[in-house]
Amino acid sequence: MTGTRAGTASTVVPAVRVPRRRGTELALLVVAVLLSVYGYCDVGLARNGTVPPGAAGYGAGLGVLALLAHLAVRFRAPYADPLLLPIAVLLNGLGLVLIYRLDLETPSDEAAPTQLIWSTIGVGLFIAVVLVLRDHRVLQRYAYLSVVTALVLMIVPIFFPAVNGARIWIRIGGFSIQPGEFAKILLAVFFASYLAANRNALAYTGRTIWRFKRLQLPTGRVLGPIVAIWLLSVGVLVLERDLGTSLLFFGLFVILLYVATGRTGWIAVGLLLAALGAFAVGSLEPHVHSRVTDWLHPFASIDAGQGPNQLAQSLFAFAAGGMLGTGLGAGHSILIGFAAKSDFILATAGEELGLTGLCAIFLLYALLVERGYRAGLALRDSFGRLLAIGLASIVALQVFVIAGGVMGLIPLTGMAMPFLAQGGSSVVTNWIIVALLIRVSDSARAQPVGNADRADRADKEAR
Amino acid sequence: MTRYIRHAAAFCALLLIALLVNATRVQVVQSDALDDNPANRRGAIVRFDQPRGDIVVDGRAVTGSKDTGEQLRYERTYKNGPLYAPVTGFASQVYGTTFLENAEDDILSGTDPMLAPLPLWNDITRAQNPGGKVVTTIKSAAQQAAYAGLGGKKGAVAAIEPSTGKILALVSTPSYDPERLSGTSKSVADSWAELNSSAAKPMLNRAIRQTYPPGSTFKVVTAAAALDAGVVTDLDAATRSPNPYTLPGTSTQLTNEVDGCTNASLRYAFQWSCNTVFAKLGVDTGLSDMAGTARNFGFNDSGLKIPSSVAASNFDTSMDKAQLALSAIGQYDTRATPLQMAMVSAAVANGGSVKSPYLVDRTTTRDGDVVDTTGTKSLRQAMNPATAMQLREMMTDVVEEGTGKNAAIPGATVGGKTGTAQHGIDNSGTPYAWFVSWAQAADAGEPAVAVAVVVEDASADRGDISGGGSAAPIAKAVMEAALKP
């Protein structure tokens, strides 16, 4: 992608648009729905020897949701990336299968019906975003409204009682929502907007404090507000003991700052700060400290004669899966007990679908992230680019933090596997993320080929 | 900006790679160790989520399985549990397994890779095979005869086919029903506590795990050693044996329960069980020959498996002459399992060759395809074949006109040797009554069965005769059952 070619492309050759590929999307959606229904039937066959009575209804429901979402995309975002929606439907469908499968072990506590309702709401919001939001750049205007809303959403749960050690839920009646989930999107919008507006100032002004201009400290006036927001959000999360989300915001902030300014030094500073913060919180906060201890010694409770802890049970589940898994419905991941349907749902996937199935799931997420990045690369406006990268990075970081946690790679932090895990707020949030990615990818692919390169060339010249 | 987006994308790719590597670590590299972690209940769940394979006696399963619908789903059931308990052992969901249930667990639970049509592929898919069958060598008629013969008394019976080593009967009484230990209910824990605290020790497998002083039945070994060593060359020649016999180096005098033992011939001494003759014979033969012969019969072998391990029988290898004299008549430190004494008798019946005793004829898949067979294996040559012939003669005499008349079977050749073992402080305990024997049908080329019987609470008043009185009828019943086709 050289500037010369990009220049000629935009001047000599008429605009070449990418194919819309809506047919591909529809075909992939059919595959995603069929796979989910197949999994649903498989669970029933493994457990009772019969196809579950709700199989047709389940298939029809998922199919209708997918079709409605597809129609919204077809009419309002015709150039959108054809992979995004099928991946989301498949992951959500698979999540419903896994939750239904775990419900069979806990007949008194059924989560699948609620999850289906939340999925419907999620798809509804997806459609609403695709229909209403005609241009993602509109969001830039609401940067400050976003950040205020985000902070309010994050602070509110402090006034509600803690659930399992974390103050991140709001409970009204039988309904519980996790406002912090929605804050993810709002913060991504704010970061993208602020950094897009101030990236030159951030990148090119201020004092150099590291040789070869590796790290150039921007003026306080520019850097101040964003650092304040970031510190505030992380501080609130630490108060609420929501480690996963604070880690997520930290990563999101560092990635966007790096992408916006191109200063490698930020990564070094970010890693350093993360390490310091993790060490401080890990050794001072008892709740966190115990999780770090569990991570370092997952079998300590067994040696102490107290039986396996959750992480040990989770590792047992993954190990039981081996290469090919036990098959849907044939595992024993319910032994994990508490949070088997939410934080630890990946263990069920690992046990029953094996390493093979787990890799497939990871690759689905990777594809989702990659498509977000691809849209970011192709877009011409800085805000759109940063927004796409931000949203995709949220998914990537979240998958890494939770999967790494339940598999013993990093200390466990309570987070939800996007689309897969039980949790209304999470499902709804992820559907909105995909809707926004659909929107930006539509903008990216609708523009003539070459414009992104030109934008990049302009970017380079400015330096 | 494009460059930095690409860097960020590379970072995300790194995260993905870390996840994939970590997943491989947990699910492939460490999976076996995690599976084997004792705190991992999956093993138990998987183990019990299909019916266990059966243990088969004479073509009929003596075990079964019951679907409880609980997390540990299938429980073991037993048909005729107390009768076969010394063979099968128990398979408990709480207390583990014993005997064949333990030794053949891989087959019974279906984990043995050989049960799979494609073992390697099975290893990858971790598919579960249905539990296989364990076909025993037990002859149910002989087993039942032994169990009925012992009645409620404490005791044990071991019967072997001399030419092959097949174990035809293995009984220990009082017994228990292993089914009481299946399952996870409170009654199982209660049963466990009761069985373990019972003075009668019902779970003790007396036939292979308990050693007794063999008493006069050990004279078979002493006679074999003396004949092999050339100490005695003529069965009917008078031995220079005083009565009473003063143990060398002591003033302790050994006496007999019967008359006519002074300078008695070996044949007479064997027939009437003269302690004085055999004590002196042991000393004359010497420690090294005595110990060597005992070892060749299987004493001091702690590695014997049938496939459950058998307690080692003991004959001391360093003793003074007085101790050797007592050991030669099956006292002092000499101890033997009933199975060991059955092997002694079987060696005589089989021309001096000791075959490795075994309980499992073959293991098969559920459908009956053979997985493995146990063949006949020679352990050792216990004595010269000529010596074996002489001992057969003498043992036959014991049954025809000596202390073992109660074991005689019309129409069959039966050889035997009685024994009574005193024990306890100053011999205060009720003596153990022993009888070892073999039987050959009139039209058969070789003996078909060798038996050892021990009865712990025999009536004691008639000395050596009590072996003939209490134990010989049981041996007779077992031999009769074994001789029938």
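Cβ coordinates are placed from backbone N, Cα and C, and glycine is handled just like the others.
Keep in mind that what you see is a predicted model, and the values were worked out from it rather than measured.
Noted in TrEMBL for the protein shown:
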- A:26-45: transmembrane segment (TRANSMEM)
- A:51-71: transmembrane segment (TRANSMEM)
- A:83-102: transmembrane segment (TRANSMEM)
- A:114-133: transmembrane segment (TRANSMEM)
- A:142-162: transmembrane segment (TRANSMEM)
- A:182-201: transmembrane segment (TRANSMEM)
- A:222-239: transmembrane segment (TRANSMEM)
- A:251-281: transmembrane segment (TRANSMEM)
- A:315-338: transmembrane segment (TRANSMEM)
- A:344-365: transmembrane segment (TRANSMEM)
- A:386-410: transmembrane segment (TRANSMEM)
- A:416-438: transmembrane segment (TRANSMEM)
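Of the candidate ranges A:26-45, A:114-133, A:142-162, A:416-438, A:26-45 has the most C-beta pairs within less than 8 angstroms of the transmembrane segment (A:83-102).
The stretches the transmembrane segment (A:26-45) and the transmembrane segment (A:416-438) do not meet in space: the count of Cβ pairs below 8 angstroms, excluding pairs fewer than 6 apart in sequence, stays at fewer than three. Using a Cβ-Cβ cut-off under 8 Å and counting only residues 6 or more beyond its ends in the same chain, the transmembrane segment (A:315-338) has close neighbours at 39, 42-47, 97, 101-102, 104-106, 164, 298, 308, 344, 347-348, 350-358, 407-408.
Proximity of the transmembrane segment (A:142-162) to the transmembrane segment (A:114-133) is not established, fewer than 3 Cβ-Cβ distances being under 8 Å for residue pairs spaced 6 or more apart. Of the candidate ranges A:51-71, A:182-201, A:416-438, A:416-438 has the most C-beta pairs within less than 8 angstroms of the transmembrane segment (A:114-133). Same-chain neighbours of the transmembrane segment (A:51-71): 22, 25-26, 29, 32-34, 36-37, 40-41, 43-45, 85, 89, 92-93, 96, 100, 116, 119-120, 123, 126-127, 130, counting only residues six or more beyond its ends whose CB sits under 8 Å from a CB of the stretch.
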